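Asks: Sharing a structure below in structure tokens format, with a few things to ask.
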């Protein structure tokens with residue numbers, strides 16, 4: 001189908017640029033450690049508020065998207081990112097974190113809905129053999145946002161030693177996030193989108209509040225969703241450790257921006273490399289899944305092993321080390337390389353997780369609920385992690401928690417991989433509620449909104 005407006009590929013690219021401008025800029029702010037502030041307390045508390053509301057609206061997000069449509073939900077959600085970035089301008093002048101924390105809570109609402117819409121588009125629009133490629137395309141575009149967001153503070157703060165971002169950095173983020181929100185209106189209604197083989201993306205006749213309520217409740221008794229819960233919980237838990245305790249604690253403000261350029265840039269590399277494995281036709285889908293698992297397992301153990309070595313280098317604590325500048329190559333090289341590998345690991349983990357979810361079904365409405373569940377439970381873990389950082393839990397204990405949680409997620413992840421088949425049914429996982437509606441009048445008008 002090429003690059004026609006209504007092709008699945010075009011729609012994934014559009015949502016990629018929305019996330020480039022909204023979550024991508026947020027990642028850039030967060031990746032600086034403490035939201036780019038010298039004192040990370042307000043940023044950590046804001047992240048706790050954000051991920052606490054994200055837990056609820058991540059789970060509800062799939063139902064909201066199914067009922068209201070992708071265009072308007074993404075349009076409205078995008079502005080919550082702009083408000084959050086703007087709150088740091090207030091923080092710069094008033095030294096009062098209450099507005100930033102409130103903006104974080106509101107962002108959790110918007111982000112939960114936006115990511116449910118994004119997840120539905122990314123894993124339900126492509127054909128089965130193209131899901132890895134589409135995830136990589138999205139992840140590359142999305143992380144260009146984080147990369148650009150690293151360039152901005154690096155350039156603007158290049159001659160600054162204040163320890164905090166200037167207003168100009170946050171103003172640039174606000175403008176870009178507003179643009180991303182408006183770009184959400186460029187998405188086509190799912191009912192008009194076609195895959196590369198000409199098949200229609202959406203085959204469901206209708207949805208309703210009652211149906212979505214039942215669908216959400218069934219997620220919590222769905223054996224596959226319950227098995228994936230440790231994976232979901234762990235998948236963003238490590239952000240507070242990496243952003244605050246590696247990038248934020250060790251480096252000065254301009255070097256944090258410098259590091260973020262490469263952290264998000266290496267994410268693009270990681271997403272591309274794992275997509276080659278996940279879509280190869282040389283192996284069955286189950287075998288591909290197990291090989292990808294081994295890759296993720298090795299990389300993450302290397303990350304936590306390297307983090308342990310970094311701790312041993314600073315026995316008094318990473319947070320007490322003198323701030324490193326990127327020009328001090330003798331001190332900077334090792335920690336920067338570790339941080340870049342963290343970026344690769346994040347992309348491998350997230351791409352693999354989305355691929356597993358996409359392998360469970362081809363039903364776009366059910367996948368919207370699965371994506372919402374994934375982001376909701378992911379945010380549950382992140383809320384706890386950011387609060388641990390806000391409460392000044394020791395860096396070594398945070399490292400141990402990350403490593404242990406990754407180990408706990410392994411058995412159930414392997415169980416789900418064992419159940420994966422080469423071809424998904426429209427309702428592959430027990431607990432789906434849409435099997436009857438898929439046999440309804442497939443030629444009727446689809447009412448899934450804009």
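A Cβ is built for glycine as well, from the same backbone N, Cα and C atoms used for every other residue.
As listed in TrEMBL for this protein:
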- 12-29: transmembrane segment (TRANSMEM)
- 49-67: transmembrane segment (TRANSMEM)
- 97-123: transmembrane segment (TRANSMEM)
- 135-156: transmembrane segment (TRANSMEM)
- 168-188: transmembrane segment (TRANSMEM)
- 219-241: transmembrane segment (TRANSMEM)
- 261-278: transmembrane segment (TRANSMEM)
- 290-310: transmembrane segment (TRANSMEM)
- 336-360: transmembrane segment (TRANSMEM)
- 372-388: transmembrane segment (TRANSMEM)
- 400-420: transmembrane segment (TRANSMEM)
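Are these features on the surface or tucked inside, and what touches them?
Replies: Under 8 Å from some Cβ of the transmembrane segment (49-67) lie the Cβ atoms of residues 73, 84, 101-102, 104-117, 119-120, 207-209, 212-213, 215-216, 219, 236, 365, 368-380, 382-383, 386, 448-449, all in the same chain and six or more residues away from its ends.
Sequence-distant neighbours of the transmembrane segment (261-278) (same chain, 6+ residues past either end, Cβ-Cβ under 8 Å): 24, 27-28, 31, 131-133, 135-136, 139-140, 143-147, 149-151, 154, 247, 288-289, 291-292, 295, 336, 339-348, 350-352, 355.
Away from its own ends, the transmembrane segment (290-310) comes close to residues 241, 246, 274, 277-278, 283, 318, 334-335, 338, 341-342, 344-345, 348-349, 352, 355, 399, 402-403, 406, 410, 413-414, 417 of its chain (Cβ-Cβ under 8 Å, at least six residues beyond either end).
Sequence-distant contacts of the transmembrane segment (336-360) (same chain, at least 6 residues past either end, Cβ-Cβ under 8 Å): 119, 122-124, 128, 131-132, 135-136, 139, 143, 224, 228, 231-232, 235, 238, 242, 246-247, 259, 262-271, 273-275, 278, 285, 289, 292-293, 295-296, 299-300, 302-303, 306-307, 310, 326, 367, 370-371, 374, 413, 416-417, 420, 424, 428-429.
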Asks: Excluding the flanking five residues on each side, which residues at least 6 beyond the ends of the transmembrane segment (219-241) place their CB within less than 8 Å of a CB in that stretch?
Replies: 30, 44, 47, 51, 59, 307, 342, 346, 349-350, 353, 356-357, 360, 369-370, 373-374, 376-382, 384-386, 388-389, 395, 398-399, 401-402, 405-406, 408-409, 412-413, 415-416, 419, 429-432
Asks: Report yes or no: does the transmembrane segment (135-156) come within contact of the transmembrane segment (12-29), defined as 3 or more CB pairs under 8 Å with a sequence separation of 6 or more?
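Replies: They do touch: at least three Cβ pairs between the two stretches lie under 8 Å.
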Asks: Out of 12-29, 97-123, 372-388, which stretch touches the transmembrane segment (168-188) the most, going by CB pairs under 8 Å?
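Replies: Looking at each of 12-29, 97-123, 372-388 in turn, the most contacts to the transmembrane segment (168-188) are made by 12-29.
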